[in-house]
Amino acid sequence: MAGIVVIFDFDKTIIDCDSDNWVLDELGFTDLFNQLLPTMPWNPLMDKMMKELHAQGKTIDDIVEVLKRAPIHPRIVPAIKAAHALGCELRVVSDANMFFIETILEHLGLREYFSEIDSNPSFVDEEEKLRIFPYHDFTESSHGCNLCPPNMCKGRVIERIQASLEGKKKIIYLGDGSGDYCPGLKLGEADYMMPRKNYPVWDLICRNPMLIKAEIYEWTDGEELEKVLLQLINMISLEEDDANSSQFISVDCKLQTMSASKNAFPHALPVPQ
């Protein structure tokens with residue numbers, strides 16, 4: 001199963017919240033954030049908010065404890081472990097930040113399962129203050145994508161990953177937000193897009209599904225994410241093992257694929273035990 005790379009968004013995909021909002025809400029800084037949001041881009045605003053937290057006596061430990069409480073569906077951890085056990089390479093591509101993501105993954109015992117995390121860089125400075133910086137330094141130059149926020153184009157990250165892959169590896173991309181639409185457009189016909197239903201990326205795809213070359217499989221929550229993801233991995237495995245696997249997939253897996261017109265998104269059905 002070395003031929004599968006599973007790429008996860010983080011906020012509202014692995015965890016069931018936006019990590020930035022979660023920290024600010026739990027520490028009581030949401031009102032200030034909302035006041036400042038119209039005045040500057042999100043990423044530098046988060047760096048400013050970390051300075052505000054520090055100035056008002058909030059410590060790194062306070063932030064860590066809040067991150068450890070971030071909500072997550074109970075089937076997400078088993079899904080990640082199962083995908084890794086089946087031989088998939090796992091990655092995270094997220095517009096959150098490295099400190100938030102690594103803190104949560106380490107708390108969940110999942111950090112070792114991911115070969116790479118692409119996110120906004122962050123570190124604790126000499127004053128014990130968390131600093132957050134853009135993945136793409138838009139003060140120096142633009143990444144040139146009008147679909148993505150100025151600090152990070154996930155589509156460019158996906159292109160870099162694709163260029164680094166050896167052999168005929170297939171990508172499964174999971175995401176929920178509008179920033180996950182651009183990487184979806186970069187996927188090929190042999191890849192798979194798993195948008196979270198009724199979230200921004202789903203709405204964007206529904207406007208013109210034909211723009212997505214990859215096969216599309218929806219999911220609504222952690223339980224369905226686990227079911228669909230593992231079925232896709234098993235389906236790809238069968239295709240690799242048997243040139244005639246399409247017959248076995250339709251009969252044994254009962255996994256419906258998107259019609260050629262892509263006018264509707266299918267529900268993947270359970271794999272018989």
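Just so it is clear, glycine is given a Cβ too, placed from its N, Cα and C backbone atoms.
Sequence annotations record features per position, and here TrEMBL assigns active site, nucleophile to Asp9. Under the heading active site, proton donor, TrEMBL lists Asp11. Among the features that TrEMBL reports, Mg(2+) binding site is placed at Asp9, Asp11, Asp176. Residues or ranges marked as substrate binding site by TrEMBL: Asp20, Asp95.
Features as recorded by TrEMBL, highlighted on the structure.
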residue : record                    : CB count, 10 Å
Asp9    : active site, nucleophile  : 25
Asp11   : active site, proton donor : 23
Asp20   : substrate binding site    : 20
Asp95   : substrate binding site    : 25
Asp176  : Mg(2+) binding site       : 22
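Taking Asp95 (substrate binding site) as the reference point, the recorded positions whose C-alpha atoms are within 10 Å of its C-alpha, out of Asp9, Asp11, Asp176, are Asp9, Asp11. A Cα-Cα distance of 7 Å separates Asp176 (Mg(2+) binding site) from the residue listed as 'active site, nucleophile'. Geometry remark: Asp20 (substrate binding site) versus Asp9 (active site, nucleophile), CA distance 14 Å. Summary of the Mg(2+) site environment: with the site residues Asp9, Asp11, Asp176 set aside, the chain residues having Cβ atoms within 8 Å of the Cβ mean position are Phe10, Lys12, Thr13, Ile14, Ser94, Gly175, Gly177, Asp180, Arg196, Tyr199.
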